[in-house]
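Listed in TrEMBL:
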- 87-349: domain 'Orn/DAP/Arg decarboxylase 2 N-terminal' (DOMAIN)
- 107: N6-(pyridoxal phosphate)lysine (MOD_RES)
- 375-456: domain 'Arginine decarboxylase helical bundle' (DOMAIN)
- 507: active site, proton donor (ACT_SITE)
- 585-638: domain 'Arginine decarboxylase C-terminal helical' (DOMAIN)
Ligand SMILES: *Cc1c(COP(=O)(O)O)cnc(C)c1O
């Protein structure tokens, strides 16, 4: 124990360790001397750090309510630089003769502002875009300026898509069509002949290498996209026959997103580089090797091959790739290609932080008021439960737990059959929860707790009701149990005494977060501070820039949150560069085809009828109509 602990003082360092901010923060996030979370895109320049609490008050003063999604421009800038510099450094160090050209896959965060900023910040590295649909191609062509950057077209392509891509080639863009299914080649050749524009063709291959992780179905033999090796050869033959092999410029694969293990990445690169060398031997000019996405984000900060982490750094990823490509191609005496990667997650994950306030807390009640002796006419079942409660020891916690559940169920049954009163059942529940709480306390003393008791902490956790929707703002937390770092934004010099699970305001039983990051495991509860009467308490969900924004849905008609773009200046000031107001109630209703104008008319008719029926007076009607109208205009979340 250090001195602070002996004195019972909680410190900044303790908070940093408890919430793991240094592990997952990538140097961008930390805790200040006054116990608030800081953001700092400049990493080493300490005087540039800004407290998220200051930004919250700034946002509130400007009239925007929680929840708010903050997007930090500089973090995007910094991640793009980091990725490009890491590849460039690795290439220099290993004496690689080709170059790196990253592309940003639009699907990872399609918001106009994000795509626009990626191309702006990416320009100095010729960082391009990847599109997977016609709509994304149309979007990309509206923001792209850099003719040195790549524009990679994946996905199914119809004539319209191909024509547009061919015109982009004619206008000087480095636009590639990646053939995903064998039938696509014919349309590309046909349209290219019709328009008289030579295409840049790529092939997507299926690798035999398969990777671990959530999203691996898109790689490997069984993936739905890509050509197997006999289809690749058939395509080469067809191109040769049509005298178009000189259009074959790129080889592509995509293993899946968030690949936690570097070994899977390495073995895929080796296999693809072999195919690349063979295509060159077949006489294709090639020049580009596109390794897709997969570069993972360390969401829990554990640096392991667990699904929400990765057992490598970005620098190691780059070095391993460059090395694998070089050794494979050098041995076949094939020139080093331009290496393309389609990293979306790593580029944008850090960029966005979701902030919200806690609305209410349901505290777990410890029920200290269990009597020393039972009333004489207490029923036998309650007596049994009471005996369990009185006899808990470290040795028998598993047995006590089973017995407590058994007697509780029996008591519930008796209540259902009318043999116990509501008062008796309420009394038995007090005893039950007191028992579970004692068992949980005993369990803490054990190194290896019985597996049945694994979830006991969440059973006795407080519930913190928070002003956001899991379904709208962090859908992957619900859909695939992805973990995101979550922590309080202030009071970090105080010991967080409560253990909590988080409930959102959708009133859906899935609208909750009850798994949290941990260095060695997954936590069932999150340590939080006790609410002080009337004071606001703010939490942040970090690393939500990738995939969360457009996957989100309108569950219970909670709409888009307010979004504020922030630029942090190197002197520690900040500017709110852009604000996008979240959906109003009438916005979300019109998404599901209600017409707010009709709704007002129909509500007015009801109010008029109520006057007719003598339920309200005519002079009350304007007030009532105003309430309805305010409801339509309001933010979909809890407003102050
Ligand atoms: C989704 C996708 C990506 C993005 O992958 P990340 O691992 O998120 O960087 C890249 N390429 C293709 C073809 C994709 O479908």
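Using the three backbone atoms N, Cα and C, a Cβ is placed for every residue, glycine included.
Automatic, uncurated: that is what TrEMBL annotation is.
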**OP:** Ten-angstrom check, please: count other Cβ atoms within 10 Å of the Cβ of the residue listed as 'N6-(pyridoxal phosphate)lysine', all chains counted.
**Re:** 19
Original post:
Taking the Cα atoms as reference points, how far is residue 107 (N6-(pyridoxal phosphate)lysine) from the residue listed as 'active site, proton donor' in Å?
Top reply: 30
Original post:
Reported in the order helix, strand, coil, what are the DSSP residue counts of the domain 'Arginine decarboxylase C-terminal helical' (585-638)?
Top reply: 40 helix, 1 strand, 13 coil
Subject >> For residue 507 (active site, proton donor), nearby residues of its own chain (Cβ under 8 Å, 6 or more apart in sequence) >> reply: 556
Original post:
In the predicted model, what is the mean pLDDT computed over the domain 'Arginine decarboxylase helical bundle' (375-456)?
Top reply: 93
Subject >> Within the domain 'Arginine decarboxylase helical bundle' (375-456), residues counted as helix, strand or coil by DSSP >> reply: 60 helix, 0 strand, 22 coil
